[in-house]
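Notes follow once the structure below has been shown.
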C-alpha cells in the first residue's frame, strides 16, 4: 500500500465526516442529495461483500466497515431523523437514468462473469456517477453551503489521489485495472468544474453560486 492510497482513504473518510458533522450540528440535511447518499450506500454494499469471503488486512477490513456504517448512518439521518429538512423537491434526479445503464454495463464489461465480480464491477461503475444527483441539485438551487462544498472537494480529492495511486502501482508493480481506472477518470472529470469554482470562490471566502437553470 502506497501513500496515495492512504491519503485517498483519509480524504474519502474526511469527506464523509464533514458531511455527517454538517447534518448533526445544523440538525438539517438541507442542500444534501439523499439520492446521491443512497447510491453511495449501494456502492459500498455491493463492493464490500468480500468482507464475508476474503481477508486482505486489518486496515482494509476496518476501513470497509467504517465506510459501510457511515453510508447507512448518513441515509438514516437524511430520510429518518431529519427528514423534515430534506429538500425532496430539488433532489429530483431520476436514479433509473444511472442504475439501468450501470447495471447493463456491469453485466457486459467485467473481469469474470461471477456474482461477486459483477457486483464489484457494478459498484465501480456506479461510484463514477453517484455524485451526479448532488451536482444536479446544486445546479438546480443555484448555490451550495460552504460546508457542503468542503465535502465535495474532499470527495473529489479522494478520486484524484486514487488516480495517482493507480499510476504509482503501474509504475512499481505493472498493475493496471482498466475498469477501475477508466471509471475513476470519468468520476474525476465530473468534479473539474466544481474544483475550479472551489478554488476561485470558496477558498477566497465567497459562497459558491451557479447560474440558475432556465
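Glycine too: its Cβ is placed from the backbone N, Cα and C atoms.
Any TrEMBL annotation is an automated prediction that lacks curation.
Cross-referencing 65-82, 83-100 with TrEMBL places the feature transmembrane segment at 65-82. The feature transmembrane segment, as given by TrEMBL for the ranges 40-59, 180-199, sits at 180-199. Using a Cβ-Cβ cut-off under 8 Å and counting only residues 6 or more beyond its ends in the same chain, the transmembrane segment (150-168) has close neighbours at 2, 4-5, 7-9, 11-12, 14-15, 18-19, 22, 131, 134, 144, 176-177, 180-181, 184-185, 187-188, 191, 194-195, 198, 202. With a cut-off of 8 Å between Cβ atoms, the residues of this chain six or more beyond the transmembrane segment (65-82) that come close are 12-13, 16-17, 19-20, 23-24, 27-29, 32, 34, 37-38, 40-41, 43-45, 48, 51. Within the chain carrying the transmembrane segment (118-138), a Cβ under 8 angstroms from the stretch's Cβ atoms is held by residues 31-33, 35-36, 39-40, 42-44, 46-47, 49-50, 87, 90-93, 95, 98-99, 102-103, 105-107, 109-111, 144, 148, 152, 155, 179-180, 183-184, 186-187, 190-191, 194, 208, 210, all 6 or more beyond its ends.
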